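Here is what Swiss-Prot records for this protein:
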BINDING   GLY328, PRO329, ASN330, THR331, GLY332, GLY333, LYS334, THR335  ATP binding site
DOMAIN    702-777  domain 'Smr'
Amino acid sequence: MNKKILETLEFDKVKALFEPHLLTEQGLEQLRQLAPTAKADKIKQAFAEMKEMQALFVEQPHFTILSTKEIAGVCKRLEMGADLNIEEFLLLKRVLLASRELQSFYANLENVSLEELAFWFEKLHDFPQLQGNLQAFNDAGFIENFASEELARIRRKIHDSESQVRDVLQDLLKQKAQMLTEGIVASRNGRQVLPVKNTYRNKIAGVVHDISASGNTVYIEPREVVKLSEEIASLRADERYEMLRILQEISERVRPHAAEIANDAWIIGHLDLIRAKVRFIQERQAVVPQLSENQEIQLLHVCHPLVKNAVANDVHFGQDLTAIVITGPNTGGKTIMLKTLGLTQVMAQSGLPILADKGSRVGIFEEIFADIGDEQSIEQSLSTFSSHMTNIVDILGKVNQHSLLLLDELGAGTDPQEGAALAMAILEDLRLRQIKTMATTHYPELKAYGIETAFVQNASMEFDTATLRPTYRFMQGVPGRSNAFEIAKRLGLSEVIVGDASQQIDQDNDVNRIIEQLEEQTLESRKRLDNIREVEQENLKMNRALKKLYNELNREKETELNKAREQAAEIVDMALSESDQILKNLHSKSQLKPHEIIEAKAKLKKLAPEKVDLSKNKVLQKAKKKRAPKVGDDIVVLSYGQRGTLTSQLKDGRWEAQVGLIKMTLEEKEFDLVQAQQEKPVKKKQVNVVKRTSGRGPQARLDLRGKRYEEAMNELDTFIDQALLNNMAQVDIIHGIGTGVIREGVTKYLQRNKHVKSFGYAPQNAGGSGATIVTFKG
């Protein structure tokens, strides 16, 4: 379809109305590329997809899609042989996760019959091994230790060397305390240094890395740690090399699947776009129209999507009707009506819902042409009439029986008599060629043409003579009438003058009286139709509300019953457990004889109801099914505490899992599903201390930034106690630099604590003097 009509009807602004409902960049790109088509099968497919998505939302009203970024460029780089960086891998990881979530959602979907959408859901690929490989990159853009054995080894050595450096420096802090300006370890140029008083600079052998602004403090790296620091620098280089190798290796593993991943991303975007269309339907009370095979258009209560508080109107453009001529004065909404028809057709042929009532029908047109508004060319020095006529001549050479034509103020800008004659001649030419046309004009001569000519119908926009304002209601079948005399009289013009003017009009040619009667009949019919529609809408709302309420009650009933059964079982188990403990205590005190204990326990058991058989409960069966591991599930390996992805199940029941670059064989008891872990309730504590194996993952830390001094000291005391209870070897305390009050308080507290083996500032790349690393005694 020609681009000019899309610009004239502001189709890009209409598409922008759908953007807030999109979740993916792929969906946004597909929306921006959306254009009308004349292929019936494509339009039908788009309509069917929207209807199925509506049915899906009935069962799953909170259906959503994981947000994803555009990856077309990333996949193209892979296909060209390039290696990806961490950020690009995270984009791919997100797409694979979104794909897997959609597959899981589809697998568990019930009570919805899908055909078109099923095709897209089932075309999504499953990449369990790649998902396992990509677990090596966490969301913060960090390569995990388990990405390779070599990386884990290097990082362990770095950690051990850094610990040695800290131990040496802590010993020197104690030995050389009188020579230091502060009893802390500082960091300069990435090296751990001691703040030595300038007068003692020659007493401590080592490398000078910095001098304070006052010159009183010299920052010296002691000779004892220089070699260790050089080893750490070398290990850091090895770490960078190993990370680069991992990026190359995973790039090679992903490369053969680049096209499939790109295809998955497109499908995710397509499903997102369909979802956005349905969210628009819900928000704007839009509908999926029916498709006519013979260019018949029937729009019920149609509105212009870009006009605020637009008046809804009916338009009936039957199969045999060739032209609708809208007559009447300007500013009544004729042009808006013209654009509403054109824009509704463009939206429908683009596979979008329309702002109309149920039962609306649209046709299929290969082209839509329009001459709307003042498009005169200043460069060509064309008048308004010449500009319009140039455009119309061009259009008349292109239109055919498969076109829809919209003409605004046909014949305007020249002598009224000649303009009206030209307008009628153009309309007659279009009628004979059977080209569907909607035209607006203010020439009264065209009213007679509409009445006398077959397959042509008059129409007008209603005008309220009481308020002297247009109502913007479309009146099909009723030509526009002049209200000049009535308006002049209401505005205060002398009745004598108005009477003289009325007598000058030839009564034989005055059709205003007939038009007035037609208007009254049309208004009466519209009122009846509106009443019928109101009743239909109320019935429809009532039916939907009752159905929704019935389904909700059933679901709530089943949920509450299951909760009650589970709670009852828990209470009984707790009571029996407590009774056992009580009887055990009594027995230990020899207050009861053994047979009396048995009898007492039997009586307590009678208090417990029979266990309810929940084996046939569908909700519990579904929950149990969800908990069973399957290929593609994310897991946590219990012995290592690392994440991976299940890739296959062996004949003996064991599972193969991809954990970074390492493939492992595990029994079901050796791992937990990530989803199952997320479902467990997490107890909230004021201070959390996480016990971790040395060298693996982030260390436990406490952040005191922004705290008041008293509050910070209380939290520090609680934190240290928790760390000691959990047998922590080392913790981090982030206090910031600021005024130094909290930092000094932390230092004094640690100096007093008998469980602290050593402490010092963190490396420059881990917070420097804004953080303190604490090591506890064994």
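Each Cβ is built from the backbone N, Cα and C atoms, and glycine gets one as well.
Keep in mind it's a predicted model, so treat the numbers as computed, not measured.
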Q) By DSSP, how many residues in the domain 'Smr' (702-777) are helix, how many strand, and how many coil? A) 35 helix, 19 strand, 22 coil
Q) For the domain 'Smr' (702-777), what is the mean per-residue pLDDT, to the nearest integer? A) 84
Q | Cβ neighbour count (within 10 Å, all chains shown) around GLY332 (ATP binding site) | A | 23
(Q) Can you give me the same-chain residues 6 or more apart in sequence from GLY333 (ATP binding site) with a CB-CB distance under 8 Å? (A) VAL311, MET461, PRO470, TYR472, PHE474
Q: Using a 10 Å cut-off, grab the number of neighbouring Cβ atoms around the Cβ of THR335 (ATP binding site), all chains included.
A: 18
Q) Other than its own, how many Cβ atoms are within 10 Å of the Cβ belonging to LYS334 (ATP binding site)? A) 27
Q: Tell me, if you would, which residue among GLY328, PRO329 (binding-site residues) has the fewest other CB atoms within 10 Å in the structure shown?
A: PRO329
